[in-house]
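Feature list (source: TrEMBL):
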type: ACT_SITE; residues: CYS2; note: active site, nucleophile
type: BINDING; residues: CYS253, CYS404, CYS458, CYS461; note: [4Fe-4S] cluster binding site
type: BINDING; residues: THR305, ASP367, ASP368; note: Mg(2+) binding site
type: COMPBIAS; residues: 479-492; note: compositional bias 'Basic and acidic residues'
type: DOMAIN; residues: 2-237; note: domain 'Glutamine amidotransferase type-2'
type: REGION; residues: 479-499; note: region 'Disordered'
Amino acid sequence: MCGIVGIYSQEPVACELYESLIHLQHRGQDAGGILTCDERFYTKHGLGLVREIFTPENVLALKGNIGIGHVRYPTAGGYTESDVQPLWIGSPRGIALAHNGNISNYPELADEIRLKQYRHLNSSLDSEAILVMLADQLSNASPDDNEDRFFDLLCKGVGHIFKRLEGAYSVISVIIGKGLVAFRDPHGIRPLVWGTRENTDGTVDTIFASETTPFYTLGFTPQGDVQPGEVAYVDLSGKLHRRIIQTAEFRPCVFEYVYFARPDATLNNVSVYRARLRMGQNLAQQWKKKHPDLIPDVVIPAPSTANTAALSFAHALGVRYSEGLYKNPFIGRTFIMPNQKARIRSVRYKLTPQRTEIKNKIVMIVDDSIVRGTTSREIVKMVREYGAKKIYFASTSPALKNPCFSGIDIPSRKELIAANKTEEEIAKYLGVDALMYQSKDNLIEAVTRRGEQIKKPCMACMDGDYFCNKITSTRMQQLEKEREATRLTNPEKEEDFPE
């Protein structure tokens, strides 16, 4: 999972790209990069958090009024600086891109690039295959082409890419001498939004990003989403060209609403905050129907992604909401911690139970999801240690039973507790007195009730419907082995779910 941003402006963009990445940091904490351009590329990237990579000096050295940025949590590729985006290629004319998603047929594409086109791939990123394909498609573009002619060639090239790629991808690209480009896969799985900012001289700046979260700070007005299968192009004069070149069933990722997106974001015309409120309401109704006699004294969220749903859950049950687990804001998100030992250690570093809210009480813990079970089990242990009389646990997400091949770090079934244990066994493993997952129908309703254009989101991690990937059982095993092999090259990433 990654966060991407691109800005076209009348002024230098490096500082605003930096600010944007700060507001997208929750989408990836392993690495980050910024690339800007005037008549050449200027780039700075590194491993770690945005504030650790960039300094005032190296940001101000990034010249140009057009640029892109990226924060990374790897779901494909390696873990070295050569695997940090944005990526760029010198010919034709100079093209750079940042990509959020995952290309499931990358191994086949990479073999074709190496063995048939005799090209060297400098990283293990699927994003590099997209870059090479885009460069190939634009190799016949003439410097004399006007912007309309170039946009036609660009749309034709991206259309070819759409036909070749399997998986999820939102892409923002810079082309020297031409401008800023954005496109999104025909199913719209990964988010991509855009906004504008009017200047006093009548000119307009444009931003594309994974979420609307940077817009308010930078003064941009949200204008909606880059549509599934759409190409958007801002030329050097600031004119925006848009065209939908391929359509398919709209299936945005439901896990964006459950966990990844910031609650103040709006994706696909759906407020993440409102969707999470509804998840909590639906979950409470489901709990009352299944466990009418198990009413807690207090509802406590597993902070902080679950806070919104826990609040509406408590309200719907008519019981007290309490932030009974204090979160240290300077510790990273545990789901995207690099390995299991780090996750377990991080939970106790990050969360401190409040005894006054827990002791001698029947506690309901609401969390956004249960992936490996590591974090949930530690939270239950901590609440038990602080004197809870009973502990119930409710997940706003249905059980996660399948790996994700569209950009979320859910790499293999053996890491997913719900793929290997029954609900009763999971409750025992977590150490809770009662456990319940949100139903799939309730989750779909929470997301789609305010997003009528979404008939059914992507829920492959929950229902195994790999609609945009040719995933057979054999293919799944192959992909899982490839991911495990990649992790073994980095010992910090190799541990699986601890039984």
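Placement of Cβ uses the backbone N, Cα and C atoms for every residue, glycine included.
A TrEMBL annotation is a machine prediction, not a hand-curated record.
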Arithmetic mean of per-residue pLDDT over the domain 'Glutamine amidotransferase type-2' (2-237): 94
CB-centroid shell, 8 A cutoff, Mg(2+) site THR305, ASP367, ASP368, site residues removed: VAL258, TYR259, PRO301, ALA302, ALA306, ALA309, VAL366, SER369, SER395, THR396, SER397
Greatest C-beta neighbour count within 10 angstroms, which of the binding-site residues ASP367, ASP368: ASP368
Those residues of the chain, 6+ apart, with a Cβ under 8 Å from that of CYS2 (active site, nucleophile): ARG27, GLY28, HIS70, VAL71, ARG72, TYR73, GLN85, ALA98, HIS99, ASN100, GLY101, SER210, GLY407
Neighbourhood of CYS458 ([4Fe-4S] cluster binding site) by C-beta distance under 8 A, where only residues 6 or more apart in the same chain count: ALA168, HIS187, ILE189, ARG251, PRO252, CYS253, VAL254, SER406, ASP465, PHE467
Cβ-centroid neighbours of [4Fe-4S] cluster site CYS253, CYS404, CYS458, CYS461, 8 Å, sequence order: ILE189, VAL254, PHE255, SER406, GLY407, ILE408, ILE410, MET459, ALA460, MET462
For CYS404 ([4Fe-4S] cluster binding site), the one of THR305, ASP367, ASP368 that lies nearest, given that the binding-site residues are compared by Cα: ASP368
DSSP three-state assignment for ASP367 (Mg(2+) binding site): strand
Which of CYS253, CYS404, all binding-site residues, has a Cβ with the fewest other Cβ atoms inside 10 Å: CYS404
Neighbour tally for CYS461 ([4Fe-4S] cluster binding site), based on other Cβ positions within 10 Å of its Cβ: 28
Three-state secondary structure, which DSSP defines for THR305 (Mg(2+) binding site): coil
ASP368 (Mg(2+) binding site) and CYS461 ([4Fe-4S] cluster binding site), Cα-Cα, nearest whole angstrom: 14
Other CB atoms within 10 A, centred on THR305 (Mg(2+) binding site): 23
